[in-house]
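Summarising the annotation, TrEMBL assigns 3'-phosphoadenylyl sulfate binding site to ARG44, SER52, LYS169, GLY170, ARG171, PRO172, HIS173. Taken from TrEMBL, the feature disulfide bond covers CYS152-CYS164. The domain 'Sulfotransferase' feature in TrEMBL is assigned to 33-189.
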Amino acid sequence: RSLMPRTLEGQITMEKTPSYFVTKEAPRRIYNMSRDTKLIVVVRNPVTRAISDYTQTLSKNPTIPSFQALAFKNISTGLIDTSWSAVRIGIYAKHLDNWLQYFPLSKFLFVSGERLVSDPAGEMGRVQDFLGLKRVVTDKHFYFNETKGFPCLKKPEGSSKPRCLGKSKGRPHPKIDVQVVQRLREFYRPFNMKFYQMTGQDFGWD
């Protein structure tokens, strides 16, 4: 709380930390701070998410083992290593279960990472509605950056320059064996189905 800006009546303070969703203690702590907190969770296909996670680690440490070596406990039996964080984070149903012990589903908005790319204004419209804000951010605020492969903001407040995510975003992913990807898809499918049921939203990952 001491790190937050002072908020006047009618203002909303927002804070983002990707690790909250997967941190066991976070729901209880946030509930104890303020049970009225609204929670926005951005999710994407867990297979793509795991590969993206690996790509980021690889850029910082080029000597790490291959994706395949880290993802499998046993490659010949196809046993997935769920202790590897890149894999574990994508089991969204398990993490949401932890949050639902403290917060009702009505306090959550689940944003599709894929739709954030294909229709940024549409997803941002849902975010603004959820927060009870006027729809100020619309499609006129975005343009598609061909180099990065995702949308960027045209001109943020008080700046004349377009605003794009940093260099670490939009990196090309390493080529992963198609059978490895297929096996991961199969692994995540039941968890994805459970997540769709829990949220009442089909994210179309299968």
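Keep in mind that glycine also has a Cβ here, set from the backbone N, Cα and C atoms.
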> If you draw a 10 Å sphere around the Cβ of SER52 (3'-phosphoadenylyl sulfate binding site), how many other Cβ atoms fall inside it, taking every protein chain shown into account?
Replying inline: 17
>> Cβ atoms within 10 Å, counted per site: which of ARG44, HIS173 has the most, among these binding-site residues?
In response: ARG44
> Averaged over the whole of the domain 'Sulfotransferase' (33-189), what is the pLDDT?
Replying inline: 89
> CYS152 (disulfide bond) to HIS173 (3'-phosphoadenylyl sulfate binding site): how many Å between their Cα atoms?
Replying inline: 20
> Distance between ARG44 (3'-phosphoadenylyl sulfate binding site) and CYS164 (disulfide bond) at the Cα atoms, whole Å?
Replying inline: 19
> Counting every protein chain present, what is the number of Cβ atoms, excluding its own, within 10 Å of the Cβ of CYS164 (disulfide bond)?
Replying inline: 16
